[in-house]
Every structure is written in structure tokens, then in C-alpha cells.
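Record features, source TrEMBL:
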type	residues	note
TRANSMEM	21-46	transmembrane segment
TRANSMEM	58-79	transmembrane segment
TRANSMEM	91-112	transmembrane segment
TRANSMEM	124-146	transmembrane segment
TRANSMEM	158-176	transmembrane segment
């Protein structure tokens, strides 16, 4: 039985280079600047959420955004500078994605039914944020993460980006999808008659 060869073993065994310092350092510096700035914005929202109902949803979205910034910027920068693979969580990304329709719904409700939106209780607002923005993504993460048809991506510090364990499955899916799209496009172009 052969053991799999790590294609990035050379990068992990060599010392940090200038590009590594630049990429890892800039990710950390950007997160150290923008996370406190976003926390300040959230504190402003918290101070005004009694009067502006929509800020309740933005507070929840802001927490999800901060977690994404920490995961995709700070932790990835630390992974590059420490030359170590760190655990990657899809949950923060799902939480950000699930908050977008929630905020869109709250804006739509504020426009079409301003009186009922203005009378919405804090309990209702935060319950919706908890259910749609935090519990639903957790259920999705738990339901899909361990399925055989899901390809798990992780941050690979050696390439400064995402990689996966089963690239062939993803590549075949992408190629099949593009073939279907291109086949439909080429058929439409072939049916056009020249004048």
C-alpha cells in the first residue's frame, strides 16, 4: 500500500519567503483593522436598535460578517505565517448567506407594511435572526457536511487559497456543467441563418 504524497511538502519544510510574509501579514493587518471597526458599527446599531427595527437584523448580520472576517482573514493569515493547516468551517459562510434573504425580507416588510414592522417586538426580530440566520445554517452544515456527494474545501496555506480532497469530482462536475451550457449555446448559434 502506498502512502499519499503531499504535493506541498516542500513549502512546509522551507522557511517563510517574502510573499508568505506579505500575504499572511496583510491578511492579519486587514483583519486587525476592519474587525474592530465593524465592532464599533455594531455598537452604534445596538444603541439605536430600539428606534430603528432594521438594525436588529443588521446586528445579527454584523456578527456573522465579523466571524467570516476572523475565519477568512485572520485565521488564514496565521495559517500562512505558521505554515500549518487549520480547521475550516463552512458554518460562518452559510450564516452570512442565510442572513442576506433575512435582511432583504426585513427591508421588504418595512416598505410594504411599515406599521406592523415598526411594532415588531425585539423578541420576534431576534428569534427570526436566531432561527433563520444561525440555526438554519447549522442544520444545513450538519446535514450536508458528512454526505458522500459533498466535497469539503479547506484553506491550504501553501497556495494561499482553498483546496479540496477530491478535486476530480469537482472538476468533472464543472466540465459537465460547462459542456451542457456550451452545447446549448452552440446549438442556438448554429440555428441562426446567415443573410
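The backbone N, Cα and C atoms fix where each Cβ goes, glycine too.
Fair warning: this is a prediction, and the values are worked out from it, not measured in the lab.
Between the transmembrane segment (58-79) and the stretches 21-46, 91-112, 124-146, Cβ pairs under 8 Å are most numerous for 21-46. Listed by sequence, the residues of this chain that lie at least six past the ends of the transmembrane segment (21-46) yet keep a Cβ under 8 A from its Cβ atoms are 55, 58-59, 62-63, 65-66, 69-70, 73-74, 76-81, 157, 160.
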